[in-house]
């Protein structure tokens, strides 16, 4: 039995899932505002809250990153079999495995307190993890600039666009959120909008990157089919 994997259908499934998670999180916040002050928060609210860790949105984001890592490793293997340049694809796969682990274990959040205490950061750098991660992101961008240019134009644009979306949320909106939440008179509703935008951009960015990878596979490896064989 052969299963055809459509890049566009995969993207639509991911986007619909993201929309569901955003709506569920927003409904939870609305419920909290309407019923505040309350002592006990229903389990489902924390389960879908985009601003919390170890819940369904975190699991989804981690799985997206892992899927991207698997696709990158598969592309690397394919190019290696064809005796083409493949090393940077494996490097990218490794980076995405780390990002998946980071998303699950909240490594960057745990780094914030140490960096903030050491450097005395505030304002846009209230979430101080953006400093080391931002530097690393800039170095990676420099390392892969030529790699990106050498890709087919379509894939290069898709990769750059999805990466921009992801970093706009992960670093850009995160810095805006840090500036806002550390300012006097910060309101919960406004901050909710900020972190919802942040997480949405991250998830949508990775969804489009997965689409870009699948699109690259179908074009570069000539209708690659994924097969599942039953029996002999």
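Even glycines carry a Cβ here, placed using N, Cα and C.
Among the ranges 156-173, 174-191, the one that TrEMBL lists as transmembrane segment is 156-173. With a cut-off of 8 Å between Cβ atoms, the residues of this chain six or more beyond the transmembrane segment (54-76) that come close are 14, 17-18, 21, 25, 46-48, 86-87, 89-90, 92-94, 96-97, 99-100, 103-104, 106, 199, 202-203, 206-207, 209-210, 213-214, 216-217, 220.
Listed stretches 12-34, 88-106, 126-149 were compared with the transmembrane segment (193-214); the greatest number of C-beta pairs under 8 angstroms is found for 12-34.
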